[in-house]
Amino acid sequence: MATNIGIMDSAYFVGRSEILSWINSTLQLNLSKVEEACSGAVHCQLMDAAHPGTVPMHKVNFDAKNEYDMIQNYKVLQDVFNKLKITKYIEVNKLVKGRPLDNLEFMQWMKRYCDSVNSGAYNYNPLERREVCKGGREVGKKSAQSHSSTKGSSAPKSHSSHTARRNDVSSTNNTNQAAKAVRPSSVSNPAYDKQITELKLSIDNLEKERDFYFGKLRDIEILCQTPEIEHLTVVAAIQNILYSANDDGTAMAEAQAMISGHREGLLSPIAEISEEKISSENQKRKSIVNLDFDAAGIANLSPRQRLSDISNVHCSESPLMPH
């Protein structure tokens, strides 16, 4: 039982036509594209065919049109996986988008798993099982009509082909020889298969890297919308870069200009205050030097000179002394 299948497994090299033929023959459907099974209902019935009675088919919705209804189908499928202890991860977000590559890869895995479980040797009535599903009867009617029309159209074709063979045997032989010559070219080339696998891996890695960096940018955007910091200039500069539609580097230059302009606005009052402090300190230093100089001059005078200077000062300041 193959639950974990590597990316290099041969299951991932099965073509779309073979996958569609397997789905339509197993479930008696008429799908023309693999991504038409993106609703998840087809996957649920394939698991029901592989493990009869395991899937609650009454919960499966074949009429699912929106993502919500599709997700409900994948929930049923995930419950079946858990019950059977299947560790395959279901990328629901990608499958419901209807992406051809993602749906093809998952359906390739489904085919490999179902083939490993029963190898196609079982009796299963898909129309009867779909009767209990929502929209299952409509799907059954459409598939029955398509099968009947296909059989009806194939009968005249076969008759006309027999008539053509009877009329012109040589042309038929030439056609068969041409068909034989063309068949070898339709065989898959291992080199091309390897390149396709490498491209698939490269696309998957690019999508993961894109989602990673998008998540980081989204976190930054939410942080910038915090009320405590959303008024800051640096936050406005970051938002300018995030929301810019230009790819010529102008957003970065504008953001740097916003930050530098805000910085100059903050530094100008600080510079004025520092100049006032320097001038006041210079004045204090000059007054201190003058006081020291006066004190040194007084200390060098004799006692008689000091008394005469003091008397002169008192006399000059006395209102009784004539001037």
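From the backbone N, Cα and C atoms, a Cβ is placed for every residue, glycine too.
Annotation source TrEMBL lists compositional bias 'Polar residues' at 143-158 (among others).
Annotation source TrEMBL lists compositional bias 'Polar residues' at 169-178 (among others).
Here TrEMBL flags 13-115 as domain 'Calponin-homology (CH)'.
Here TrEMBL flags 181-251 as domain 'EB1 C-terminal'. Residue counts of the domain 'EB1 C-terminal' (181-251) by helix, strand and coil are 53 helix, 0 strand, 18 coil (DSSP-based).
The feature region 'Disordered' is assigned by TrEMBL to 136-189.
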Q | Mean predicted confidence [pLDDT] for the domain 'Calponin-homology (CH)' (13-115) | A | 93
